[in-house]
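A.B. asks: Take this structure first; my questions come after.
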């Protein structure tokens with residue numbers, strides 16, 4: 001069978017036949033296509049085939065600026081001398097010619113082809129449905145001839161696979177390009193550029209946009225562009241940014257994920273608690289859980305609240321120490337205290353002034369006011385009350401100079417003897433008796449070994465180190481984990497972790513009596529981070545979510561006892577691990593990363 005075939009000819013989408021137009025003859029068509037091809041292959045950069053050597057560039061740059069300076073100088077002289085501008089000398093004429101030549105060269109150097117692409121884009125880059133239909137018709141003519149009676153197969157479906165642009169390799173020392181996220185589109189892109197350029201302050205995005213999540217997304221992209229560092233691993237979705245506005249965090253760009261584990265059940269005062277612990281330290285939750293198991297098997301622990309009062313200590317100054325002492329006697333007078341309490345209590349329906357403790361340093365007086373704060377941690381509440389008292393005392397002592405509403409005699413977020421001795425927040429003691437059988441089977445150690453280790457480590461060792469409130473094994477580990485999980489202030493872990501752990505053999509040396517005394521646990525169940533969804537869920541797990549309307553302050557006090565009970569469990573387990581020599585092995589198993597941490601940041 002004589003089947004004629006013809007080779008496929010290149011087709012250019014810029015040539016499409018109209019409905020009433022006849023196809024060109026073969027030789028004319030080939031000629032037309034060759035002309036179209038030549039037209040398409042013309043590069044805009046060929047318009048100015050000027051050499052671009054370094055010496056030539058330097059010559060034309062120098063000529064351009066020199067001639068411009070000369071012509072501007074002559075122009076100023078003509079204006080000053082009232083000489084017509086069209087009257088030019090031979091040197092000025094040469095300067096004008098040199099200027100034109102340098103401008104032409106510089107246009108070619110900086111890419112005249114870039115400008116021409118906008119002119120020729122409509123002809124060379126256009127692609128519509130007519131072009132595609134024309135190509136399909138041309139391809140369909142490459143099959144068997146229909147006049148020979150051959151069945152014409154359906155043209156195969158043309159699938160155009162998108163070609164991914166080649167990814168440039170980036171050296172470890174190169175600065176990566178800022179990531180372009182979904183926030184970088186449309187109006188958001190303009191806002192991002194304005195923030196990067198300093199036209200819009202980053203802190204004002206929430207108020208300007210009215211959308212906290214959108215503001216966080218834009219701020220995150222801005223940080224990536226400014227620093228050149230990727231924030232891909234910092235999550236943005238799945239968080240209510242309106243809930244932290246004006247309360248928890250300013251200028252957010254995302255949130256950090258911390259795993260939460262459960263230790264328990266902790267049998268405390270006859271009730272069982274499942275304790276949430278947010279931590280990245282392996283073995284911590286497992287160790288605390290073992291301590292809870294030992295306490296549960298021995299009948300549970302007992303916790304007693306000793307004191308409950310938040311403090312704030314302003315600093316005031318007088319002209320003489322005598323005047324400072326007079327104010328000290330005034331505020332410590334029981335009769336005057338009633339008046340001060342009435343003024344203080346006006347700040348809140350939960351705030352109740354309990355006592356005032358004063359200290360003098362020369363002519364400076366520090367007044368440590370202590371008050372109950374209900375279910376709130378109470379720093380804002382007590383500060384408002386202190387301000388009311390200062391305003392009242394200012395009328396009684398006009399020469400009193402208020403240095404600051406906080407004089408560090410409080411003492412907040414710092415290890416201080418005044419907190420260790422007088423207490424701050426909730427002062428709690430928690431105890432349990434662990435039977436000999438549990439010590440051996442669950443804790444894998446001996447009672448005598450635990451008592452000796454506690455004396456030499458937690459008591460003598462801490463004294464040798466000059467510890468202040470640190471007569472324990474790792475109370476801050478448990479306090480921090482529970483604080484983060486329940487929305488407390490992590491910085492107040494400093495004084496809240498003040499703890500002395502005591503161990504003693506009882507019942508003829510067979511059983512172990514263990515106790516922890518913590519004088520300054522600062523917690524609350526309302527306000528701050530407690531209203532966030534995750535932290536609120538953890539508080540709900542403990543049964544202390546929100547304020548207790550029937551007995552104000554009872555939820556916060558119960559949370560403090562749970563913290564102390566958890567510390568008791570953690571102390572018991574860690575001391576047992578050290579006593580039996582299990583500490584290193586357990587940490588090598590549960591607290592050692594296997595990932596490669598040598599990779600450079602991107």
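Glycine residues also receive a Cβ, built from the backbone N, Cα and C atoms like all the rest.
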A.B. asks: Check the candidates 81, 345 against Swiss-Prot and report the one noted as N-linked glycosylation site.
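C.D. replies: Of 81, 345, Swiss-Prot lists 345 as: N-linked glycosylation site.
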A.B. asks: Examine the ranges 11-31, 95-115 and name the one recorded by Swiss-Prot as transmembrane segment.
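C.D. replies: Based on what Swiss-Prot states, transmembrane segment spans 95-115.
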A.B. asks: Can you tell which of the recorded positions 345, 413, 458 lies nearest to residue 489 (active site, charge relay system) in space, using Cα positions?
C.D. replies: 413
A.B. asks: Whole-number Å only: compute the distance from the Cα of residue 413 (active site, charge relay system) to the Cα of residue 281 (active site, charge relay system).
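C.D. replies: Each residue's Cα considered, residue 413 (active site, charge relay system) and residue 281 (active site, charge relay system) end up 23 Å apart.
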A.B. asks: Around the C-beta of residue 489 (active site, charge relay system), how many further C-beta atoms are within 10 angstroms, looking at every protein chain?
C.D. replies: 18
A.B. asks: If H, G and I count as helix, E and B as strand, and all else as coil, what does DSSP give for residue 458 (N-linked glycosylation site)?
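C.D. replies: DSSP call for residue 458 (N-linked glycosylation site): helix.
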A.B. asks: In whole Å, note down how far the CA of residue 281 (active site, charge relay system) lies from the CA of residue 458 (N-linked glycosylation site).
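C.D. replies: Rounded to a whole number, the Cα-Cα distance is 22 Å.
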